[in-house]
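Have a look at the structure below before the remarks.
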Amino acid sequence: MADSTEEDDSFTKPLGRCTVTYYGVGHMLNDITASCWFTYLLLYLTDIGLSPRDAATVMLSGQIADGFATIFAGELIDRFGHFKLWHGAGSVLVAISFSSVFGGCMPCKIFGTSSSTLRTVGYSMFAAIFNVGWAAAQVSHMSMLNCITLNSTSRVILASCRNAFTMVANLSLYAVAFIVFGVTMASTHADIENQYRWIAYLSIFIGCCFVGIFHLGTKEPRLKVSLQGNNHSRISWTYWFKRVLYYQVALVYVLTRLVVNVSQAYLAFYVIDDLHMAQSAKALVPAIIYISSFLVSIILQEISWTGQCLKACYSAGAIVWIFCGAGILFLPGSMSAFMYLISVSIGIANALMMVTGVSMQSVLIDRDLNGCAFVCGSLSFMDKISCGLALFVLQSYQSTRVIQENHSNDVYFSVTRFGLGFVPAVCSLISVIVTYTMKLQPAPCKPLMEPLLV
């Protein structure tokens, strides 16, 4: 009994900065490829001649594959464990398949034709393969967080560090894109494919370096086995379906991902087509968002977290996004410089919402570790399907989009403006209402003994 108490006590102690950092870098490959996926996929596919609807079909196929893969991955991880094995296998699949998503239509080369249908099918196939690997790496990494420690503050810090390195991954992508777009000229479809192929190769290389650091520095979590005894026992799905908090956390998480992903997908279109900013703005504006997000994520690691604190910070981020959405919706092209200020606010809001939204999952899971992968997988399933459908619907109307050629004080409510401003603002408003109804009571734990990243 004494040994058990001592072991349980060790799991509630604050984590060291090395443990947190090694864990935080583990999602870098997923993050940098996901950033490329949401930021450039629709832009790339339309640039090489696919219709907006066909481009949306490619993205939807990947999102659906990702969604179902998260469910299966979550179930198998809960049954058999081995987080690092799943993470490694998923990362390998991501690294192998991602370059093909931006590497031209392989079936077109095989069959010697480039019909619209065949191109859509070809890109959709590799999009699905890429997202299956992505799902395995994501679910294993997210669920691993809850099995590293029982300390609720340390769990938030792990999520915050993970989000900070997400910002590093995004900034790395835009640095790579800035260099590639700067040193190469694209006058044909082949040139465009070559540009994005180099972006994909360099992104994979950077991400794989950090995955290697993660696997070398992070040990397979033993907390799950220590608490439950039997690694292969698991909690029934119905246990979660009977809890009101599960539905609340799920809805908040899905709405948060809709805010982040839909806004990211339309940001490049907005600054170029609606605000008529310079081409460099499609890299500079996102970079500002991620720098401010990174700084906020670092600051969040110094807070001692409670349930009320999680709710307050999430609500603050959502309210900031509501104002940002209103600004984006009504910002005229003649005042495009204000987009830089809005970008700072979006970065702050994204960090607050993502860190606390993910941390709410840890409060839901608490010590029920043999169901943690199902929770992460099921929430990710809903996230992927909802994001895919939202983008598909928006892109279905994109073909009727009218792009203003001249700067004007008049505001044209394009699909791009609607997707970047209105949709995230509405999702943020609903998420604030749901968050207010939550009862978050994380288990009491020892406070941090020292700042993590000083």
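Even glycines carry a Cβ here, placed using N, Cα and C.
What TrEMBL records for 20-43 (among others) is transmembrane segment. Sequence-remote contacts of a segment are chain residues at least 6 beyond its ends whose Cβ falls under 8 Å from one of its Cβ atoms, and for the transmembrane segment (20-43) they are 52, 55-56, 58-59, 62, 87, 91, 94-95, 98, 101-102, 130, 134, 137-138, 141, 144-145, 148, 154, 157-158, 161-162, 164-166, 168-170, 172-173, 177, 196, 199-200, 203-204, 206-208, 210-211, 213-215, 217-218, 261, 264-265, 267-269, 286, 301, 391, 395, 452-453.
The annotation transmembrane segment is assigned in TrEMBL to 55-73 (among others). Here the transmembrane segment (55-73) has Cβ contacts under 8 Å with residues 37, 41-42, 45-46, 86, 90, 101, 120, 123-125, 127-132, 134-136, 138-140, 373, 376-378, 380-385, 387-389, 391-392, 394-396, 398 of the same chain, all six or more residues outside its ends.
For 85-108 (among others), the entry in TrEMBL reads transmembrane segment.
Long-range Cβ contacts of the transmembrane segment (120-137) within its own chain (Cβ-Cβ under 8 Å, at least 6 residues beyond either end) map to 27, 29-30, 33-34, 37, 45, 50, 54, 57-59, 61-67, 69-70, 73, 86-87, 89-94, 96-98, 100-101, 105-108, 377, 380, 384. Sequence annotations record features per position, and here TrEMBL assigns transmembrane segment to 120-137 (among others).
Residues or ranges marked as transmembrane segment in TrEMBL: 168-186 (among others).
The transmembrane segment annotation in TrEMBL covers 198-217 (among others). For the transmembrane segment (198-217), same-chain residues at least 6 beyond its ends with a Cβ under 8 Å from one of its own Cβ atoms are 18, 21-23, 25-26, 28-33, 36, 40, 84, 87-88, 91, 94-95, 98-99, 101-103, 165, 169, 172-173, 176-177, 180, 184.
Feature annotation from TrEMBL assigns transmembrane segment to 244-271 (among others).
Note on the transmembrane segment (283-300): residues 39, 156, 160-161, 163-164, 166-168, 170-171, 174-175, 177-178, 181, 264, 267-268, 271, 277, 313, 339-340, 343-348, 350-352, 354-355, 453 of its chain, located 6 or more positions outside it, place their CB under 8 angstroms from a CB of the stretch. According to TrEMBL, the transmembrane segment annotation covers 283-300 (among others).
Here the transmembrane segment (312-331) has Cβ contacts under 8 Å with residues 252, 259, 270, 275, 300, 338-339, 342, 345-346, 348-353, 355-357, 360, 411, 413, 417-418, 420-426, 428-429, 431-432, 435-436 of the same chain, all six or more residues outside its ends. Taken from TrEMBL, the feature transmembrane segment applies to 312-331 (among others).
What TrEMBL lists as transmembrane segment is 337-360 (among others).
Annotated transmembrane segment per TrEMBL: 372-394 (among others), in sequence order. Residues 42, 56-57, 59-60, 62-64, 66-68, 70-75, 77-78, 131, 135, 138-140, 142-143, 146-147, 224, 234-235, 237, 240, 246, 249-250, 253-254, 257-258, 261-262, 265-266, 361, 364-365, 415, 418-419, 423 of the same chain lie 6 or more positions beyond the ends of the transmembrane segment (372-394) yet place their CB under 8 Å from a CB of it.
Among the features that TrEMBL reports, transmembrane segment is placed at 414-436 (among others).
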Worksheet item: Are there residues at least 6 beyond the ends of the transmembrane segment (168-186) whose Cβ is under 8 Å from a Cβ of it, and what are they?
Response: 27-28, 31-32, 35-36, 39-40, 192, 194-195, 198-199, 202-203, 206-207, 279-280, 283, 286-287, 290-291, 294
Discussion item. Should anything in the same chain at least six residues away from the transmembrane segment (337-360) have a Cβ under 8 Å from its Cβ atoms, list it; otherwise answer none.
Written reply: 142, 155-156, 159-160, 162-163, 166-167, 249, 252-253, 256, 259-260, 263, 271, 275, 277, 281, 285-286, 288-294, 296-297, 300, 305, 310-311, 313-314, 316-318, 320-321, 323-324, 327-328, 331, 428, 431, 438, 440
Worksheet, complete the sentence: Outside the transmembrane segment (85-108), at least 6 residues beyond either end, the same-chain residues with a Cβ under 8 Å of its Cβ set are 26, 29-30, 33, 36-37, 40-41, 44, 62, 73, 76-77, 114, 118-119, 121-123, 125-127, 129-130, 132-141, 144, 193, 196-197, 199-201, 203-204, 207-208, 211, 214-215
